[in-house]
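Data first, discussion second: the structure below is written as structure tokens.
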Amino acid sequence: MLENKNFKFIENEIKNNKVVLFMKGIKKSPACGFSGTVVAILNKLGVEFRDINVLFDAELREDLKKFSDWPTFPQLYINGELVGGCDIARELYQSGELEKMLKAYTR
């Protein structure tokens, strides 16, 4: 099997950053409402996170879907694990679970 450069990039990012958001746009200027919602949640919680814009690299978008087995964006990773997209992040935030997860892994 050939080595996938995007898989290596993804693995490196989620290994070296406690919180990573693969999103449409950037945290200062989200390009879709779903990405904007997750950025707003993370900002409300005061979390530093690595944002990676997937809009301009179709190959990265497709490889990320394969890597995560998750078909949509944004994709939120905490401590190397996929948490999910906008709906899951919102539900976890509203229940208080997201804050607990972030405190456990970002201290």
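Each Cβ is built from the backbone N, Cα and C atoms, and glycine gets one as well.
Taken from Swiss-Prot, the feature domain 'Glutaredoxin' covers 7-107, and the record attributes it to sequence analysis.
Secondary structure at Asp87 (glutathione binding site), as computed by DSSP, is helix. For Asp87 (glutathione binding site), no same-chain residue that is 6 or more apart in sequence has a Cβ closer than 8 Å to its Cβ. Annotation comment: Swiss-Prot describes Lys24, Arg61, Phe73, Cys86, Asp87 as glutathione binding site.
For Cys32, the entry in Swiss-Prot reads [2Fe-2S] cluster binding site. Reduced to three states, the DSSP call for Cys32 ([2Fe-2S] cluster binding site) is coil.
Averaged over the domain 'Glutaredoxin' (7-107), the predicted model has a pLDDT of 95.
Arg61 (glutathione binding site) falls within a helix when secondary structure is assigned with DSSP.
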